[in-house]
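Step one of this worksheet: look at the structure below.
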Ligand SMILES: Cc1cc2nc3c(=O)[nH]c(=O)nc-3n(C[C@H](O)[C@H](O)[C@H](O)COP(=O)(O)OP(=O)(O)OC[C@H]3O[C@@H](n4cnc5c(N)ncnc54)[C@H](O)[C@@H]3O)c2cc1C
Ligand SMILES: Cc1cc2nc3c(=O)[nH]c(=O)nc-3n(C[C@H](O)[C@H](O)[C@H](O)COP(=O)(O)OP(=O)(O)OC[C@H]3O[C@@H](n4cnc5c(N)ncnc54)[C@H](O)[C@@H]3O)c2cc1C
Ligand code: SF4
Ligand code: FES
């Protein structure tokens with residue numbers, strides 16, 4: 001059993017939990033994820049590691065309820081436990097494993113869409129701890145969907161907030177901000193890391209391709225085991241079939257077939273999940289970042 | 001009186017009934033039937049059957065006890081050699097092992113050794129008989145990676161010798177293929193697998209689930225920081241292969257591992273479990289091994305019309321004869337000498353069919369089996385909504401790639417000595433599918449046993 005030390009509702013539909021998992025906390029690096037299973041009958045749900053405390057032996061996760069299982073998670077309180085909590089899974093972000101001197105030479109832009117701010121945060125924090133200040137764009141459809149603003153500001157270089165409806169920060173979708181920064185505000189970047197709903201990552205990649213900025217994305221296909229034994233998470237990257245849980249979840253965004261990946265992700269959407277998505281339209285599968293592409 | 005040349009028949013659920021449920025197909029012998037079957041054994045002096053058993057169970061001796069009605073005695077004899085008899089009695093390919101060697105089989109049917117072993121183990125469980133208590137603890141720690149048959153056997157044997165053993169398992173339930181692969185209708189999970197795992201635990205073995213060696217911690221850390229003096233790797237061969245044909249990433253194409261894991265480990269077939277499974281209407285399973293039969297019979301039970309698509313003929317099917325027979329009885333359709341060339345998809349990237357080509361058998365290949373060759377111009381399309389790829393598996397490179405000094409061969413299998421399980425790294429032993437590639441339960445158990453002995457010798461010398 002893995003005890004929940006803190007359970008908190010964030011703004012918008014999002015939740016944060018701090019979970020006791022010493023083995024994971026000791027070994028994880030930014031970019032990796034865990035799989036949580038609530039009880040005996042629950043399913044295995046992948047969630048990115050948003051923060052970790054090696055001394056306390058804890059992992060922080062941030063999630064957005066979009067279907068039956070994540071909805072069930074929202075009812076858990078501090079003191080309750082996950083029956084199963086396994087990780088760290090996937091490869092760490094290359095920024096944390098590549099030669100530090102090389103990474104230091106790069107100007108890096110992070111793009112966080114909606115709940116994607118959670119997986120972006122540990123990478124920016126890690127860079128900050130190693131003397132690198134990266135820029136971050138945080139996008140949301142509306143003000144209450146902007147996550148981790150203060151935390152991000154404490155560790156990033158420049159933080160640009162944008163909302164579709166202009167209720168906070170700049171107005172417009174994240175891709176517009178990228179274009180503004182590069183084309184109108186004299187910024188240049190050697191690398192972009194985009195994390196959020198697939199549709200937002202797709203449009204970000206289209207923009208960065210035009211601007212000639214290499215781009216890394218964190219893919220979130222359906223997973224079962226998360227250890228490479230089933231292939232549920234397979235994706236086409238370039239000409240190759242890759243398993244996101246072991247070969248990723250981060251990949252070269254300019255090589256991903258997003259349309260195919262999005263269709264695969266929809267395979268098991270429950271009726272409830274779909275209904276919920278519809279009600280919250282934009283917050284999840286095509287939003288968070290802003291309506292950067294609308295319904296496909 | 002029954003015909004002494006024939007096995008005492010075993011009771012089974014009727015095909016029509018069982019094709020719609022996940023209850024065990026084979027109901028096993030009762031005591032009278034078992035004693036009657038045991039009486040067919042002529043108690044050979046130089047018993048050939050023992051030589052056919054990879055863990056050398058004293059078969060005539062245990063059968064003799066069954067014949068006399070001393071089931072507890074029979075259980076003790078089996079337990080000397082085998083840690084998981086209720087499992088082996090159910091899933092071993094006896095026709096090519098012990099029963100394949102049985103003298104009775106020369107003129108008539110061999111003694112039903114597997115069904116007798118199963119009866120003895122089931123009887124022991126139902127009557128609360130436990131395996132013998134372990135030796136006094138010696139306080140020395142050994143780590144076992146993976147809780148499949150190889151790991152469970154190695155751990156059990158080491159515990160009996162007094163070692164402090166911890167099994168580390170990546171999934172949330174112990175058992176390996178026994179829980180995620182082989183379905184409930186062949187191997188009941190709670191009744192049989194969980195009970196055998198409990199027996200291993202009752203020897204003092206600790207099991208830590210949700211620990212992935214290579215991610216949650218490493219072998220080097222277990223040896224250097226956590227006080228383990230030796231490690232056994234029984235991590236299996238769980239990495240699925242795909243064909244590489246167009247359309248394979250479409251919705252509705254699964255690896256057999258995914259399909260079986262959803263159904264068996266996550267219990268997707270039960271309504272009160274949360275994990276979903278695609279209940280296809282028309283399913284093709286590509287492949288001809290045990291795994292393909294299991295996937296096909298699972299899909300059938302979930303309500304589909306099911307085809308096995310296999311490129312050779314029936315004689316070459318690698319699955320157990322009993323499983324093929326059961327699958328056919330239940331209504332699985334065999335499309336033999338047929339090979340898929342493309343998965344056909346609709347506008348939503350969902351499977352709508354499969355393009356196949358007919359094959360004929362040509363010259364024998366290196367393995368001695370006649371090689372299938374395409375018949376030109378024989379392409380045809382099958383209409384389908386689900387395709388399950390069951391083309392075999394290979395070992396996961398996670399452990400080998402994170403352990404310094406552990407050698408693997410070009411098939412990614414860990415290189416280990418057959419007699420002792422010793423690998424290229426001192427103190428690290430390996431066995432089962434991780435070493436051989438996908439094989440059988442009993443061979444994995446045999447390897448676990450050999451490695452336990454190897455580890456004991458290593459640690460006794462080291463002292
Ligand atoms: C590597 C990885 C990291 C992730 N990190 C986060 C995170 O930090 N925060 C967060 O809120 N979400 C994250 N997700 C997405 C999260 O796993 C899904 O939201 C969740 O699985 C939905 O389950 P559900 O039962 O509530 O929804 P339902 O819609 O009822 O899901 C039904 C099925 O589809 C699968 N599924 C549905 N949507 C997704 C999706 N978007 N991604 C993957 N599987 C899906 C589920 O596992 C389940 O099997 C991550 C996904 C992956 C693969
Ligand atoms: C569907 C199916 C049907 C089969 N039917 C039969 C049959 O009828 N008869 C028969 O004899 N054989 C059958 N087999 C084959 C048989 O099950 C295997 O040969 C046997 O289970 C191998 O045992 P093992 O202990 O080596 O590995 P496994 O049973 O594969 O167990 C390995 C365990 O290690 C764990 N693991 C892997 N990597 C790590 C890691 N890094 N850290 C921690 N844990 C890890 C895995 O999660 C798993 O639990 C079948 C196999 C399948 C898939
Ligand atoms: S070979 Fe057959 S008859 Fe002889 S001892 Fe073994 S089981 Fe009995
Ligand atoms: S989730 Fe099963 S292989 Fe990636």
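A Cβ is built for glycine as well, from the same backbone N, Cα and C atoms used for every other residue.
A strand conformation is recorded for residue A:62 (FAD binding site) in the three-state DSSP classification. In sequence order, A:10, A:14, A:15, A:16, A:17, A:47, A:50, A:115, A:117, A:118, A:147, A:148 are the residues near residue A:62 (FAD binding site), counting only same-chain partners six or more apart with C-beta under 8 A. Look at TrEMBL and you will find A:62, A:63, A:64 tagged as FAD binding site.
The [2Fe-2S] cluster binding site feature in TrEMBL is assigned to A:230, A:233, A:245. Cβ environment of residue A:230 ([2Fe-2S] cluster binding site): A:224 lie under 8 Å away, each six or more residues apart in the same chain. Taken residue by residue with DSSP, residue A:230 ([2Fe-2S] cluster binding site) is part of neither helix nor strand, so it is coil.
What TrEMBL records for A:110-205 is domain 'Oxidoreductase FAD/NAD(P)-binding'.
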Residues from the binding-site residues A:62, A:230, A:233, A:245 that lie close to chain B, Cβ under 8 Å, in sequence order: A:230
Pairwise CA distance, residue A:245 ([2Fe-2S] cluster binding site) versus residue A:64 (FAD binding site), rounded so that it is a whole Å: 20
Integer Å distance between the CA atoms belonging to residue A:63 (FAD binding site) and residue A:233 ([2Fe-2S] cluster binding site): 19
Model confidence over the domain 'Oxidoreductase FAD/NAD(P)-binding' (A:110-205) (mean pLDDT, whole number): 90
Cβ packing number for residue A:63 (FAD binding site), 10 Å threshold: 21
Binding-site residues whose CB lies under 6 angstroms from ligand 1, from A:63, A:64, A:233: A:63, A:64
